[in-house]
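What follows is a single structure, written as structure tokens, with notes after it.
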Amino acid sequence: MTSIFGYPKEELQLDLVAHGFKKYLAEQIFDWIYVKNIYSFDEMTNISKTDRNKLQEYYTIEPLKIVVQQQSKDWTVKFLFQLADGYKIETVLMPQSYGNSVCVTTQVGCNMACTFCASGLLKKTRNLSTAEIVQQVMMVNRYLATTNERVSHIVVMGIGEPFDNFDNTLKFVNIINDPKGYQIGARHITISTCGLVPKIKQFAELKTQVNLAISLHAPNNTIRNQLMPINKAYPVEKLMDAVRYYIELTNRRVTFEYILIENVNDSRETALELAKLIRGLNAYVNLIPYNTVAENGHQRSTKINKFFETLQQQKINCIVRREFGHDIDAACGQLRAKNEGVIRK
């Protein structure tokens, strides 16, 4: 059996027909799951009992298991979920003034080995299925239902590299963006990549309205090679060519994410080099205070404001990202790594 959560509506229609159901059943199922938050075939009362029983022969509809749930002083909520095969993943709910944003995970572990990230301490075991990505949003919506709220924004920035799980990530986007699904607008969805150049170009050619964020963290190959091994395969020059290709095809603005690390990438000279690198692009810089992971040996920069001011003086659009859940291990991979004894508690 396969999970009902893994099907975009058009695929579910085809699969239902192949099993002898009527095509329109797909819209009924989508309405029950994604609009009414019902996760049991038995409760889908406008579907015949015969069809409900038959659906259970072909599809599973079980939720994820919550292993740990932590709430921060700033109302951020971090979930550690257990998958059917026992592996664990993280999801973070970040309440905002404009709605509820959720950071989802796309892989069990990560092979990108960025030196500042807790996710890389646990190597990639496998990709998440589309269903397992969708279920993260489902579980957060279930949590929010107690206060009559819903998820309004998605950032695909959790554990793993989304473009290393390209097809399942894009199917996930299809489902949550569907007018009969979670109805989350494409411009309320952001996918972050560490720089898989061929996939950035492939994503550009889809001409979707989904936002693209680039985990840059350094303006040159010397520093980026030190922080992000992926740069040795796709150096800054090739990455920026892919970004320009994306902007040209989509006319969409790109976000450059930049974690500031003490005495590594936070000097005035580095800020000036960053400004030169992205000047003239339809883009802005998201400066991120570092959530320290002791095992990685890096420290949070003490020069965040000076770096920000330098970029502003250079007429570069930039913001300093608000911190979420600093007191509850809300940085990517921290909670799972602590739960599995990889980093200190």
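Cβ from N, Cα, C; glycine included.
Glu90 (active site, proton acceptor) has a Cβ environment of 28 other Cβ atoms inside 10 Å. Per Swiss-Prot, the feature active site, proton acceptor maps to Glu90.
Annotation comment: Swiss-Prot describes 96-327 as domain 'Radical SAM core'.
Taken from Swiss-Prot, the feature disulfide bond covers Cys103-Cys332, and the record attributes it to sequence analysis. DSSP classifies Cys103 (disulfide bond) as strand under the three-state reduction.
Per Swiss-Prot, the feature [4Fe-4S] cluster binding site maps to Cys110, Cys114, Cys117; the stated evidence is sequence analysis. According to its DSSP assignment, Cys114 ([4Fe-4S] cluster binding site) is coil. Sequence-distant neighbours of Cys114 ([4Fe-4S] cluster binding site): residues of the same chain at least 6 apart with a C-beta under 8 Å from its C-beta are Gly120, Cys194, Ser215, His217, Leu227, Met228, Pro229, Ile230.
Other C-beta atoms found within 10 angstroms of the C-beta of Gly160 (S-adenosyl-L-methionine binding site) number 28, with every protein chain shown included. Taken from Swiss-Prot, the feature S-adenosyl-L-methionine binding site covers Gly160, Glu161, Ser192, Ser215, Leu216, His217, Asn291, and the record attributes it to sequence analysis.
As annotated by Swiss-Prot, active site, S-methylcysteine intermediate applies to Cys332, with the evidence given as sequence analysis.
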Specify the nearest of the recorded positions Glu90, Glu161, Leu216, Asn291 to Cys117 ([4Fe-4S] cluster binding site), where nearness means the distance between Cα atoms.
Asn291
Restricting to the recorded positions Glu90, Gly160, Glu161, which ones have a CA within 10 Å of the CA of Cys110 ([4Fe-4S] cluster binding site)?
Gly160, Glu161
